[in-house]
Amino acid sequence: MAELALVLIAGAKFGAIYALAALGLVVVHKATKTVNFAHGAFAMLGAFSSYLVVVHWQWPYWMAYVLTPPLIGVVAALIEFLILRPLRRADMFTVVIATVFLGIALSEAFRLTYNTELLAVPGMFVGMPFVFHGVFMTQETLWVIAGALVICVACVLLFRYGRLGRGMRAMASNVRGAQLCGYSVDRVYMFAWFLGGAMAGLAGVFVAPVSGVSVELSIAIISAGFVAGVIGGFDSLKGAILGGLLLGVSESLAAAYVSSALKNCISFLLLFVVLMWRPEGLFPETVARRV
Amino acid sequence: MRRGPLHRIALALAAAALASTVAPSAMAQEAGVSDTEITIGAIGALTGPIAFIGTPGRDGMTLAIDEINAKGGVCGRKLKLNFEHASTPAESLAAVKKLVEQDKVFALVLASGSTGAAAAADYVRQVGVPTYNLYGSTPIIREPFSKNVFHGAIVPVEVAAPGLIGLFYDDGHKPQKIGVLAGTYAFPQATLKAVEAHLKSKKIDYALEQFDQSARDFTSQLVSFGRQKVDSVLILGSFSEAGFAIKQARELGMANIRWVLDGSAVSRAIVPIIGNADGIRGYFNNPAFPGQNDTVREFEARLKKQLGSMPQGRPNNYDMIAYGSTYVIADAITGTGCQLTRDKFLASWSSLKNAGPKTMGGLDVSFPESFTETDHQGNYRLGAAVVKNGEWQVYRVIERP
Amino acid sequence: MIPLRVTGLTVSYGRVAAVRDLDLNIAAGEALALLGPNGAGKTSAVEAIAGLLPKRAGRVELFGEDISGLTASAIVRKGLALVPQWRELFPTFSVEETLVAATGAAQGRSPKPLEEIYALFPVLEERRGQLAGSLSGGEQQMLAIGRALVTNPRLLLLDEPSAGLAQGITRSLIQAIIRIRDSGVPILLVEQNMEIARAIGSRCTMLAAGSLAWEGTMDEAIARNEAARVYFGTH
Ligand SMILES: Nc1ncnc2c1ncn2[C@@H]1O[C@H](COP(=O)(O)OP(=O)(O)OP(=O)(O)O)[C@@H](O)[C@H]1O
Ligand SMILES: [Mg+2]
């Protein structure tokens, strides 16, 4: 029992980070119909920003959480403005390829300037772990799971009830209708990228002590976030969160009870099964009569 | 005898003739050798995922060469380094060909990991250029024996494996059950083969778990070790993989484990990942860890002066090996009696005894190297290292088994 | 200052011109009907005026201000609201949320209180929590008009509001539009049905194949049966 709990907690920890990553991806996709394959690179930059704040400049840890999201958000919004806006009229394929290469370029730029295998970032909390019937839970683990999920929920609420969130949903639902309500395509797109970038940056801050800062982080985050998003339906924020948790926990369970070799392929297995069995995802948005 | 103008002209003509006979002979000198310079070529990755090997390779060599040249060079000539960036096998082979065919280097240094060394292996055997394999542990560059290929500080896996297992028994520890946690990629797998062979021959019971490259979640492997009551774990992988595995084991409540790491994970960079890393052991390829004594501290100071600022995780063992190995080359050149032909050079190298920085007044940051006509492995020793107060230090020398 | 002045408007899809060199004026408090057969270019004209379609040429002035180069969202914020032919609602938004979503476009003016919209279309209040995608066609049309009204427009463009609706619904829609007109909002109404056009508009402009075919009062148009000539080329 204790063993199962340990496995589930470990899975939830990665799952919460996947959820955060998937959420940012889905927010951008929902509002702009673009899958941003540079999302993982944004998360890597977020983790790097966390490294700079915590290790390099030795500032208080909370500043990493406060400074990183707006910083990466601005980077993402600038990229939208400079690179994707001119491609607005281009076909979907061109835009997706542009984001793929953007991600590679950001990763390589990082690799060139910081020529090390990995930058380590300590955890936010170093106190004694909680022990309950032989189940260990460190403060850091609790913080990652709870913190990431709280932010996920906050994001869902912002998207659901906030004015900017409403604008993004309107844009996602009907671009012409949204414009007739006074929402500017340019501004909503830019804000969606800002929000997506901020979420990626935050995911990076959460993941930095768990995985360290490396170029591999960029790939790990984008692939997990993408799979979690697709599992969840890719247009549903709740789906992205549940998809992320489901992915993290299944990875952990499969590795512990089937084979550790299964860990990496479980995500693609899940993706495959979901696409075959429920192509609309496990948690699609409520479908309404078309207008 | 009267010395008229005619005489003087005749003398000048004779001198010119003499000079002209000398000049062509200078041009016919061995590849890479001129009157003033000896060119040494090297390859290694300066960017990309394995730049933490190649960049120190370049920097360590440059530091040694600058020191040697400051003292007048060898055989009256300055050493000159042509370092080519190469990370993939194709780039490595192309870089080696360029160094040999265009730059016509006197000696070639493979400051790349196993990948680059393996890619260059056939070619360097074929052309016979004197080659120094600094970091490659792959058998492809080591076997079959070749009279122009030499290996330095990195010991063969068959030597490292017993050394690693020996670390479990240091300071009176008696492992109940050893867990081996190995990466599924080429480098750890090579060590794993030797480790398993050794464990089996010694009839030591062990549990094996594997992980993919750059893994960050080791829950399943650690849970399995817990189930099997493993109290000692050998990690074969990079410092980041080992660091996160140990960090996670602590989070899972696995206390009092003796951790032993493959040399590839013994790095300063592992400490910040784990936090309190004291007691973790592993082997180091050099006699002292950076910061451990005056010699290595002086080395670090000189390197820092050369680089301007010290990158994170440096100096590492690749800096130290590259520095020491460059002095070994200088020793081998000196040993030719300055008859700078390839044959003399290979003969001199094959008879080096205890070569290294010390003979030319450098810093002994690497183990001295000795070679014979039939054994081109310069070093068989390892430093047994442990983390104490957050710093690695070598606490004994592991001799050849 | 004249609410709407359109001069030389040309709209084209690729090489095909849908509207050619169109001039339009709407006076204060006036409702102008834009008539013409299917494919005449009425929708193209109003969408280009509202900024949803790019203009090949021409100039649009709203109360004397040139809005030709503005985007659709900027134009609605200036006070020109369009109820588009295909309604363009958000299926997953509730009725109330749809109305709230448009309040931001009333920048500088105060948005129309939702109560006023509900007073005009009581059925919307009954269904305020229902998703737009599940409304009937008539209700959707009312929601689309309501959404435009929330922006508190200075000029309202309506593109065939009666299309596809039953007579009873159409009658109450006409009443609502007349009340909007009488509140002082000038209207440009795209219509196929002459009776409806006459009920709302005083003047009309007829389009045929993208060009202006006839201009005059509604009464005159009906008396002279201009529609038949324009629509079927008969006289
Ligand atoms: N997206 C488009 N691409 C190409 N041609 C178009 C497009 N939209 C409209 N057209 C063409 O432009 C012309 C005018 O169309 P428009 O919709 O403006 O006419 P309309 O007067 O509104 O017709 P209806 O009364 O049927 O709504 C038509 O010939 C139509 O086929
Ligand atoms: Mg139309």
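Keep in mind that glycine also has a Cβ here, set from the backbone N, Cα and C atoms.
The model shown is predicted, which means the values in this text are computed figures rather than measured ones.
For A:6-28, A:40-59, A:65-84, A:91-112, A:118-136, A:143-161, A:188-208, A:215-234, A:254-277, the entry in TrEMBL reads transmembrane segment.
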Cβ pairs under 8 Å between the transmembrane segment (A:65-84) and the transmembrane segment (A:118-136), at least three: no
Non-local residues, at least 6 beyond the ends, that sit with Cβ under 8 Å of the transmembrane segment (A:6-28): 34-36, 39-40, 42-43, 135-137, 141, 144-145, 147-149, 151-152, 155-156, 159, 168, 192-193, 195-200, 202-203, 206-207, 210, 221-222, 224-226, 228-229, 232, 234-237, 239-253, 256-257
Two-stretch contact, the transmembrane segment (A:215-234) and the transmembrane segment (A:143-161), at least three Cβ pairs under 8 Å: no
Positions on the same chain near the transmembrane segment (A:40-59), where near means CB under 8 A and six or more residues out: 21, 24, 67-69, 71-72, 75-76, 102-104, 106-107, 110, 114, 119-122, 196-197, 200-205, 207-208, 211-215, 217-223, 225
